[in-house]
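Read through the structure below, which is laid out as C-alpha cells, and then see the notes.
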C-alpha cells in the first residue's frame, strides 16, 4: 500500500532519512537550497510501508519528511483517535 511522503524545505541534506528507509523509497537529489546542496526526494512512494523510520531519523526540529498514512491504514494499525 502506498503512502503519501512529503519532503519539506527544512531538509538539511544529511541523508539520515534515506539510510533509515527499509524499502529505499527515498533518495537524495541536487538542490541549492541548503549547505549540502541536496534534498531528500521520494520517487518510489508506492513502496512505502508506513514505518515512519524516516521521520524518526530526521534531525531537524521540524521534521523534513512526513509519512501520511491513509485513514484506513491508521485504523488497521490501531493508531486512530
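Glycine too: its Cβ is placed from the backbone N, Cα and C atoms.
Among the features that Swiss-Prot reports, [4Fe-4S] cluster 1 binding site is placed at 11, 14, 17, 58. Among the features that Swiss-Prot reports, [4Fe-4S] cluster 2 binding site is placed at 21, 48, 51, 54, with the record citing sequence analysis. Among the features that Swiss-Prot reports, domain '4Fe-4S ferredoxin-type 1' is placed at 2-31. The annotation domain '4Fe-4S ferredoxin-type 2' is assigned in Swiss-Prot to 39-68 on the grounds of sequence analysis.
The 10 Å shell around the Cβ of residue 17 ([4Fe-4S] cluster 1 binding site) contains 25 further Cβ atoms across the protein chains shown. Within its own chain, the domain '4Fe-4S ferredoxin-type 1' (2-31) is flanked in space by residues 37-51, 53-70, 73, which lie at least six positions past its ends and keep a Cβ under 8 Å from the stretch. Note on proximity: among 48, 51, 54, the binding-site residues of the record, the Cα nearest residue 11 ([4Fe-4S] cluster 1 binding site) is that of 54. Compute the center of the Cβ atoms of 21, 48, 51, 54, which mark the site for [4Fe-4S] cluster 2; besides them, the chain residues with Cβ within 8 Å of that center are 5, 17, 20, 22, 23, 25, 26, 49, 50, 52, 53, 67. For the pair formed by residue 21 ([4Fe-4S] cluster 2 binding site) and residue 58 ([4Fe-4S] cluster 1 binding site), distance between Cα atoms is given as 11 Å, rounded to the nearest Å. Counting every protein chain shown, the Cβ of residue 51 ([4Fe-4S] cluster 2 binding site) has 15 other Cβ atoms within 10 Å. Remark: of the binding-site residues 11, 14, 54, the most isolated position is 14 (fewest other Cβ atoms within 10 Å of its Cβ). Within 10 Å of residue 17 ([4Fe-4S] cluster 1 binding site), counting CA to CA, the binding-site residues 48, 51, 54 contribute 54. Broken down by DSSP into helix, strand and coil, the domain '4Fe-4S ferredoxin-type 2' (39-68) contains 8 helix, 7 strand, 15 coil.
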